[in-house]
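The structure appears right after this line, and notes come after that.
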Amino acid sequence: MPRILNHAPWLVLAVLGAFALGTVALARGETINALWLVVAAVCTYLVSYRYYSLFIATRVMRLDPARPTPAMRHNDGLDYVPTNQYVLFGHHFAAIAGAGPLVGPVLAAQMGYLPGMLWILAGVVVAGAVQDFMILFVSMRRDGRSLGELIKAELGDIPGVIALFGTFMIMVIILAVLALVVVKALTNSPWGFFTVAATVPIALFMGVYMRFLRPGRIGEISVVGFFLLIAAILLGGQVAQSETWAPVFTLTGIQITWILIGYGFVASVLPVWLLLAPRDYLSTFLKVGTIVMLALCILLVAPPMKMPSVTRFVDGTGPVWSGSLFPFLFITIACGAVSGFHALISSGTTPKMVENELHTRFIGYGGMLTESFVAVMALVAASCIEPGIYFAMNSPPALLGTTAESAAQVINNWGFVITPEMITRTAQDVGEVSILSRAGGAPTLAVGMAQIFSELFGGKGMMAFWYHFAILFEALFILTAVDAGTRAGRFMLQDLLGVFFKPLQRTASWAGNLIATGLCVAAWGYILYQGVVDPLGGINTFWPLFGISNQMLAGIALILATVVLFRMKRERYAWVTMVPAAWLLICTLTAGVQKVFHSNPAIGFLAHAERFSTAANEGRLLAPATSMEQMRQVIFNDYLDAALASLFVLVVLAVLLFGIQSCLKALRSDRPTTREIPTGGATARAGD
Amino acid sequence: MSGLKSNLSRFRGYFEQTAKLMIGVPDYDTYLEHMRTRHPDQPAMTYTEFLDNRLQARYGAGKAGCC
């Protein structure tokens, strides 16, 4: 009897969660409060953590608190340090939380908040948190090895190289798309551009301060940096109003693109202490602080959800991104539901610092649940602004035109009430000239956050400040990701190219360094440029490509986890990873094939190329091309994008085949064939 | 009273440790303790050397960004 009583509070939570979710799902026509979503999410997280993650920990993995972790065996006070689980949770969360969970749900809101909400909750419980937890476990049992090394060890050398190559391509796409978000937010926005540009001298000052003036005072300089950022936001407001300075900082998308490309190149060859590290400190603290603040503000303000729970765009005709609910919703929201990039983090520094095997449940599964909550908050912020404003901000100029009047007319035709005055007033409230066609999530989220924050602090007068605070917060960590990513991409590329030409491999050589950096920047810069000149707004085309690649990486990670379970002879529990892997493969392969072959030019790259070829042959020009040469460029890009999408599909299919092969081989064996470090193996190291 | 005070300072310690580990800097005291007990024959790095070492480890070869 007492055992049953133990479950009583959890039963109450489950019922409460089901009731909240029912309220969210069944609301038709009437506006519901955002708190219902928060309650539904939190109850789902708590119950799934209590039961499902415990099941995985005890039955599937059989975590053993007595087994020495890598931190215990190789303790060196630097890379391998047994660390308190709450401290390590903070580190892990800061590493996995980025722009992904903030952007995806905002874009998904075009279908209403309900489809996105359901996928975030179901996805994280069954797929995302399971992946993070499993990879953390697999890596921890193998001395904290990286995902590439793990795939090599468990599936074989060839799939290992394929997966590494896939990871590099994914990184190029992610950098281009993230940079595109920044360009969309800063185009023709002197306030935003000035503030973000000011972070560079601020970071340089912090770097010099920490290096020469007061070495090692991280806390002190971070506080100084934070106040300088606030000053930059306030000064940006003055700049935007100044007749002399506003035009200097008013730049077109193409100008900002070239500045970003140049910046990415310079920033990733400078010494890390000068620019990258100090800005990383600022962006990490600002990111975590803002997420906590947003959570508190949503609880206190309890905003109503103005977006309908389901919009007419579930049929796939939406203006923000093209494609129907299945499969495209499931790749639009990646981080927050399931993200392949987390597999890289879970096999990075975290497994080397775990103090006790049992802690991985809280860090791996719990960390991802927290990230999912960030995605729910982003969905709330995007859904509590007027739907008309949402579509004005996220639809491409090809549909809206470039004036508030034309935009309002188009959006009214879609069935969302909006007047040109509402659009211009919102732009004035947030201190911008125009809010039209700022797709990419960041500006929409900034308007939502500004609305929520300003209800608590400062009222309408502070809205412009909060809007630019939110833009700064996102741009800051996206830029950090861009130069850290360019750096990482450079090392990967030097490794890959070094196979053909040895001298390139020396990461300390200036020539090899500059060539690899140049190639890496050129790769993402090229895609970024295409996105900026795209009349459909770029995000429309490239976010799905990013989603496909990221979810495919998750599929690869889950295939790896499945193979490991088979090799541990725990195949009766392999459904834990096989079910989410199968779902991800179904979604991503369908989406990948549709992106290449779909007959609608807005979705299929080949159909788009076909449309431009036909026009070119008839001597007609189609926007954005203004010359025949540009027409040929568009066609070439379409084939390039189609090749990229096909490549991702092939990479995943190859890993799937190798995975099935490894599982069958493990089934035939009568004993475990996994390559874990043995229980008492204080000195044994796998593979050595 | 002293119990509360020591609890507070322990909490502050954890807070500081978490913030530092978020940016890739592990606890320096733990490192010193490790060097003292396990490698008493080797000199430990100074705090600035330690920070520099961690900086290279965080942004050096083979590190990926976040999503």
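Cβ atoms are placed via backbone N, Cα and C, with glycine included.
Residues or ranges marked as domain 'CstA N-terminal' by TrEMBL: A:33-591.
Taken from TrEMBL, the feature transmembrane segment covers A:37-57 (among others). Beyond the transmembrane segment (A:37-57), the same-chain residues lying 6 or more positions past its ends with a Cβ under 8 Å from any Cβ of the stretch are 10, 13-14, 16-18, 20-21, 23-24, 63, 113, 117, 120-121, 124-125, 129-130, 133-134, 298-299, 305, 358, 360-361, 365-366, 369, 372-373, 376, 379-380, 576.
According to TrEMBL, the transmembrane segment annotation covers A:93-113 (among others).
Positions annotated as transmembrane segment by TrEMBL: A:161-183 (among others).
Here TrEMBL flags A:189-209 (among others) as transmembrane segment. Using a Cβ-Cβ cut-off under 8 Å and counting only residues 6 or more beyond its ends in the same chain, the transmembrane segment (A:189-209) has close neighbours at 182, 217, 221-222, 224-225, 228-229, 232-233, 235-237, 239-240, 245-251, 256, 263, 273-275, 277-279, 281-282, 431-433, 464, 468, 471-472, 475-476, 479.
Look at TrEMBL and you will find A:221-240 (among others) tagged as transmembrane segment.
Residues of the same chain lying 6 or more positions beyond the ends of the transmembrane segment (A:252-276) and with a Cβ under 8 Å from any Cβ of it are 175, 179, 182-184, 186-188, 193, 200, 203-204, 207-208, 210-211, 479-480, 482-484, 486-487, 490, 513-514, 517-518, 520-521, 524-525, 528-529, 532-533. The transmembrane segment feature in TrEMBL is assigned to A:252-276 (among others).
Among the features that TrEMBL reports, transmembrane segment is placed at A:288-305 (among others).
What TrEMBL lists as transmembrane segment is A:366-393 (among others).
Positions annotated as transmembrane segment by TrEMBL: A:507-529 (among others).
Residues annotated as transmembrane segment in TrEMBL: A:541-566 (among others).
Among the features that TrEMBL reports, transmembrane segment is placed at A:573-593 (among others).
Here TrEMBL flags A:639-660 (among others) as transmembrane segment. Proximity of distant same-chain residues to the transmembrane segment (A:639-660), defined by a Cβ-Cβ separation under 8 Å and at least 6 residues beyond the stretch ends, is recorded for 151, 155-156, 158-159, 162-163, 165-166, 169, 173, 541, 545, 548-549, 552, 555-556, 559-560, 562-563, 585, 588-589, 592-593, 595-596, 605-606, 609.
With a threshold of 8 Å between CB atoms, the same-chain residues lying at least 6 positions outside the transmembrane segment (A:221-240) that come near it are 190-192, 194-195, 198-199, 202-203, 205-206, 209-210, 214, 246, 249, 278, 281-282, 285-286, 431, 464-465, 468-469, 472. Cβ atoms under 8 Å from those of the transmembrane segment (A:541-566) belong to residues 60, 100, 103-104, 107, 127-128, 130-131, 134-135, 138, 147, 150-151, 154-155, 163, 166-167, 169-170, 173-174, 176-177, 180, 321-323, 328, 330-335, 338-343, 527, 531, 534, 573-574, 576-578, 580-581, 584-585, 587-588, 591-592, 595, 641, 644-645, 648, 651-652, 655-656, 659, 662-663, 666-667, 674 of the same chain, restricted to positions at least 6 beyond its ends. Tallying C-beta pairs under 8 angstroms between the transmembrane segment (A:507-529) and each of A:93-113, A:161-183, A:288-305, A:366-393, A:573-593 places A:161-183 first. Mean pLDDT for the domain 'CstA N-terminal' (A:33-591) in the predicted structure: 92.
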